[in-house]
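Asker: Before I ask anything, let me first share the structure, which is written out below as structure tokens.
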Amino acid sequence: MAELACFCYPHLENDSYKFIPFNSLAIKCMLTAKVDKKDQDKFYNSIVYGIAPPPQFKKRYNTNDNSRGMNYETPMFNKVAILICEALNSIKVTQSDVANVLSRVVSVRHLENLVLRKENHQDVLFHSKELLLKAVLIAIGQSKEIETTATAEGGEIVFQNAAFTMWKLTYLDHKLMPILDQNFIEYKITLNEDKPISDICVKELVAELRWQYNRFAVITHGKGHYRVVKYSSVANHADRVFATYKNNAKSGNVTDFNLLDQRIIWQNWYAFTSSMKQGNTLDVCKKLLFQKMKQEKNPFKGLSTDRKMDEVSHVGI
């Protein structure tokens, strides 16, 4: 995750702003500079290489002292920064909005995936600039639309029906902020269209998840798509979701947390997010993740969760 101010800076033109991407040498200069505390939140002028990000965001970049940041000297950083600027320059950002826009925290991996989709000649985003910009505006929180299959971050499609598409995420192969844990495996499920879904499509998805992904929990971060994650990573997701929800509420960026379809979401996660929305503390909410839930009646007649061991998928072992 990183603020948009880590990728670009605003230049006032008439009554709106044009956004310009940073170059890696300006960032490198800022990372070595001694800056007064009162100037930590101001864009840094490198004199030689142009404007650089505010020094308060130093930890967002990979250095000898911080290996958890972005690999800003890679070509992928430039591609992501340019893509963000193209999207922001396609809309009007006024003086009253610019600080709020640049302080927004976005998913770096999501944006790298959109670059990969843009460069894939077989992908619809390669052929449609309009759809690409729409996908980026959704990714950076500048659009209220949800991420659907056409505008999704992408990955490897492992399941699809008339209503849903399931993607295996490819973060292990990333350049900008790769996941280093070689055991990482995670999926995302997007809606093909933002419209009511038939019971038969939900039943097909639930059957696929129970047969093939029984070692994973289906959760949501509240943004209109599902995530399929290892049970061992659920607590980590809970911490992140709770922190984001509270930060958004504190900063006034209140967006409706979409609980999604209770028939698909893992029962304990649904309880956790419902409790969070009611205003309970993190400790109270997280207890629900580890509590034995009363088994609800199966909403789909004839769809059993009972399988013989040799019939059950071993994905995730």
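Quick reminder: no glycine exception, Cβ is built from N, Cα and C everywhere.
Positions annotated as ATP binding site by Swiss-Prot: Ser107, Val108, Arg109, Lys188, His221, Gly222, Lys223, Arg227. Residues or ranges marked as region 'RNA-binding' in Swiss-Prot: 205-241. For His225, the entry in Swiss-Prot reads active site, for NTPase and RTPase activities, with the evidence type sequence analysis.
Describe the structural context of each listed feature in the structure shown, including burial, neighbouring residues and relevant distances.
Answerer: DSSP assigns Arg227 (ATP binding site) to a strand segment in the three-state reduction.
Mean pLDDT for the region 'RNA-binding' (205-241) in this predicted model: 96.
Cβ-based neighbour count (10 Å, all protein chains) for His225 (active site, for NTPase and RTPase activities) stands at 22.
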Asker: Using Cβ-Cβ distances, find the residues under 8 Å from Lys188 (ATP binding site) that belong to the same chain and are at least 6 apart in sequence, listing them in sequence order.
Answerer: Ala152, Glu153, Gly155, Met166, Trp167, Leu169, His225, Tyr226, Arg227, Val228
Asker: May I ask which residues of the same chain, at least 6 positions away in sequence, place their Cβ under 8 angstroms from the Cβ of Ser107 (ATP binding site)?
Answerer: Met1, Ala139, Glu153
